[in-house]
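In what follows, a single structure is set out as structure tokens and then discussed.
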Amino acid sequence: MTAPIRIALMGCQGRMGKALLEAIRANEQVTLGTALERPGSTVIGLDVGDLNGLGAMNVLIADDLEKVKDQFDVIIDFTRPEVTLKNLAFAVANNKRIVIGTTGFDDAGKAAINEAAKKIGIVFASNFSVGVNLVFKLLEQAAKVMGDYTDIEIIEGHHRHKVDAPSGTALSMGEVVAKTLGRDLKQCAVYGREGITGERDRNTIGFATIRAGDLVGEHTVMFADIGERVEITHKASSRLTFANGAVRAANWLKDQPCGLFDMQDVLNLK
């Protein structure tokens, strides 16, 4: 029997970190090798299981990957771009695979991820939900059939604490639609409208953002014509849906060579 893959969980006390901890604990194919928080945190040195009401897991929270590099095989990182890029550099230097769920990277950050994928295996996705990745495929079909003659709008909502907008998932949805239609999202995206905007340009893709309460994640892509519209919607009610997908990706990644992958690869949807 193959030994479980050992996970290094970054940001273990964040919202996604806690969901990932639960998902790792429930999955027999993986095990928690180490859990990390930022240097100076008051939780450093505590048992991550005891701290989260799960009982002792014999994993003490660390603050430096270098100190625990022999305790894991794959990193799961849902933190912030600047933190993830630092962890990515560590992964390359130490030949560790990494699953990246962090969003909000600029072009330089994305380029660094692409460069790292020449040396290690990386799963990088804006959304690890199976349902959202099915939506990506549905959007391709809708764009092929309706995209050239409808107005396309993407509306997304998340909790009040989310720091980037639009969400990485919304941008990925826009990329799927734009690519299918042969457009460049950077040129055709419209992020919010205010004042006298003039008539809508049919070739644009609009984005609207909601930040409120404890919304986990809601996305709707609208293809609107005169007299009818099609809306493709995904609503997440628990972060566990993303956490389970990320753990699934980590287990899948163990058998892959170096390269850049996403959840479409993990789910064999390509």
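Every residue gets a Cβ built from N, Cα and C, even glycine.
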**Prompt:** Considering the NAD(+) binding residues Gly11, Cys12, Gln13, Gly14, Arg15, Met16, Gly101, Thr102, Thr103, Ala125, Ser126, Asn127, Phe128 given in Swiss-Prot, which of Glu28, Glu37, Glu82, Glu140 is annotated for that site as well?
**Reply:** Glu37
**Asked** Of these binding-site residues, Gln13, Asn127, Thr169, which scores lowest on Cβ atoms within 10 Å?
**Response** Gln13
**Item:** Pairwise CA distance, Asn127 (NAD(+) binding site) versus Arg38 (NADP(+) binding site), rounded so that it is a whole Å
**Value:** 24
**Asked** What's the CA-CA gap between Lys162 (active site, proton donor) and Thr169 ((S)-2,3,4,5-tetrahydrodipicolinate binding site) in angstrom, rounded?
**Response** 13
**Request:** Could you state the whole-number distance in Å separating the C-alpha atoms of Glu37 (NAD(+) binding site) and His159 ((S)-2,3,4,5-tetrahydrodipicolinate binding site)?
**Result:** 22
**Message:** Give me the sequence-ordered set of same-chain residues, not including His159, Gly168, Thr169, with a C-beta within 8 angstroms of the centroid of the (S)-2,3,4,5-tetrahydrodipicolinate site's C-beta atoms.
**Reply:** Thr103, Ser126, Asn127, Glu156, His158, Lys162, Asp164, Ser167, Ala170, Gly217
**Alpha-carbon spacing, Gly168 ((S)-2,3,4,5-tetrahydrodipicolinate binding site) to Arg15 (NAD(+) binding site), which is rounded to whole Å** = 17
